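Visitor: Pasting a structure below so you can have a look.
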């Protein structure tokens, strides 16, 4: 499949950013707007891209292509952007052959939107438009599965124009453009699509928006970061505290911090917290909680900037274990438990803290399913990392080290025991010994 | 694809076991001989089985079928087994349609043999015959890719008849049998295949054998257990000591101990060892090493009896961590380290012992490749479980607890550090930050 991306607009409202620079090459959540289209559409099987550009930005686009040799893209120059985006689209006529996907280079779509949209037909219309301002958006009136009208000022409409088109017979739309161009010089894409009576399909509730102003750039970044949060393994503290902090920071640093750099940074902060135990246990506890609040950044940055790797996940897990061990070991050395049963409880806390993660990770390795997905009950049982760190912070601030180790040993090992019971119950039932 | 399995023989040399019982239903490594054929061929896409049986064993075969509803099998009775296995084969003529696989019900083939054999054509011939006695085996003379002669007393031969045939045009073989039956009443499969001039293909070095005597039954079990050892994660102690013990025991208990029961047994033994530390550290150390020697049993039994499950692997890993923790915790409590640096070293030993496994298991979850496969160097670095347990045993027997914790902390954490370095070096090179 091929794709056409319209990128010849003026970007007027983003000046001075777009004075001498094309809007589709501005960065949102660490990636050029255009890169997101290419990457997400490639993953859905699009192998050839035609980008309609303004000739004055030729140099920037050629540099972009040199930076991304993984995509097969060609530029079609529109020397008359003032003739409208319908004319831009028309310029692709003699290049594309089969079915095509048409998108707007200044729009942002989240991955799940693209995954679903490519299997639909015609203009994708969103009934809710949760992330756009309704006054400024283009509305669409769909009747009997076909577009009847498109425009900003429609009184009656069935949804919002997402700017994402799946055209199985694009020549109909090109012919419609040709007919309109015989009558006038400037034509809009909306006119073309209404004239061509292309189908429309509904896809509502996903994140998509157009980027028109500097405020939109920031908002798109923030929304992509938040939508990248996969909360499956998050505990209560993460959901109501840590994620608020980490997404706030992630959105602000995503353009210059890579996921692995974020991992390294929070690890160093965690190790610093452990070292601080020697001087100031309370300061150390606060630092530890701070590192835990920032712990989600690597994943958020990775997902929002389309940089997730298996390696990143592995590194994050291993270094989290290291930080947890370092802090607990420091706490143990500061505390110096005198009685064997205190020592045993502390050792059990060490064991439980690692095993909560070990049982879940080993489960994924064995079954290729997240443990929390197969046993949703475990989402509601405490003992996950965010909760452990918070508990330790509270315990240290209260000066109750013994009680902290005791509670930690209890909840983590209960969680491990419950995991063991659930997994055994399910599997021994299926495969009788 | 269909399969025909010849199971109408007398089993004379296995009396009294086969007095009133068919040889193909005898158990080898915890499974009926026939079950192995059905299971391994099913996994390679065979969906329909025709078993040629002796009518006097009808009842046993019907019970077998009722126990294994997962296979689509039908029995063809041969009321004249004395007419030879060529005649048995001929009885399938009107039942099978397309290409077929023909095997001998009293043969054992290891999984890797079957995986490779089904993609070949004609009689599978083994040049080496490593697991059979050459005097008694049927030899095959292949010339230009076709069988010229088959027999026990061939002077000139190119390999041994494995009893495994892949017949893409079985009607040629049935016609050959028909021609022979017009001349005489008793015909052997060898005569049929020579008459039909079927192709032959070489596949050498894999485990296959026929089971004729009670000694063969035991030997086949022992060989299947040994061939089930996947030594990728084995350390030195495992290779030269533990595996010798565990395979010896596994072969003897495989008919009445399931893999998960073996896991449970070695876990209990390990926990008993930890508890024994309170009374007799040296006795405890020996028990711990004993449990480590038997630790391979669950996997050996599972693989040899075709009972491997993702769950079994998960349970084994989790319980190994529990036993290791219990023993080290016991040792710590007995030892009572007085100085903080001793405590720190001991805690590092706890951490390293779990993390050796954690880094490897989490790697598998992330990359779907065994860590040892991607980084073969790690096979030669000490710190794996068998080596840790052996080291602990030596240390406790020598009464040197402090030194044991120190060496343990060093080798495990060095191994973890090396793993971290190797994985980072490889992946940061591939995905520049």
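Note that Cβ sites are derived from N, Cα and C of the backbone, with glycine treated the same way.
Predicted automatically and left uncurated, TrEMBL annotations should be read as such.
Pasting the feature list from TrEMBL:
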- A:3-113: domain 'Nucleotidyl transferase' (DOMAIN)
- A:341-360: transmembrane segment (TRANSMEM)
- A:389-411: transmembrane segment (TRANSMEM)
Visitor: For the transmembrane segment (A:389-411), could you work out the same-chain residues 6 or more beyond its ends whose Cβ comes under 8 Å from its Cβ atoms?
Guide: 237, 241, 281-282, 284-286, 288-289, 292, 324, 327-328, 331-332, 334-335, 337, 342, 345-346, 348-349, 352-353, 382-383
Visitor: Report, as numbers and ranges, every residue of the chain located at least six residues beyond the transmembrane segment (A:341-360) whose Cβ falls under 8 Å of a Cβ in that stretch; write 'none' if there are none.
Guide: 233, 317, 320-321, 324-325, 328-329, 332, 335, 370-372, 383-385, 388, 402, 405-406, 408-409, 411-413, 415-416, 419-420, 423
Visitor: Using DSSP, what's the helix, strand and coil tally for the domain 'Nucleotidyl transferase' (A:3-113)?
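Guide: Counting residues per DSSP class in the domain 'Nucleotidyl transferase' (A:3-113), I get 42 helix, 28 strand, 41 coil.
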Visitor: Mean pLDDT over the domain 'Nucleotidyl transferase' (A:3-113): what is the value?
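Guide: Value for the domain 'Nucleotidyl transferase' (A:3-113), mean pLDDT as a whole number: 91.
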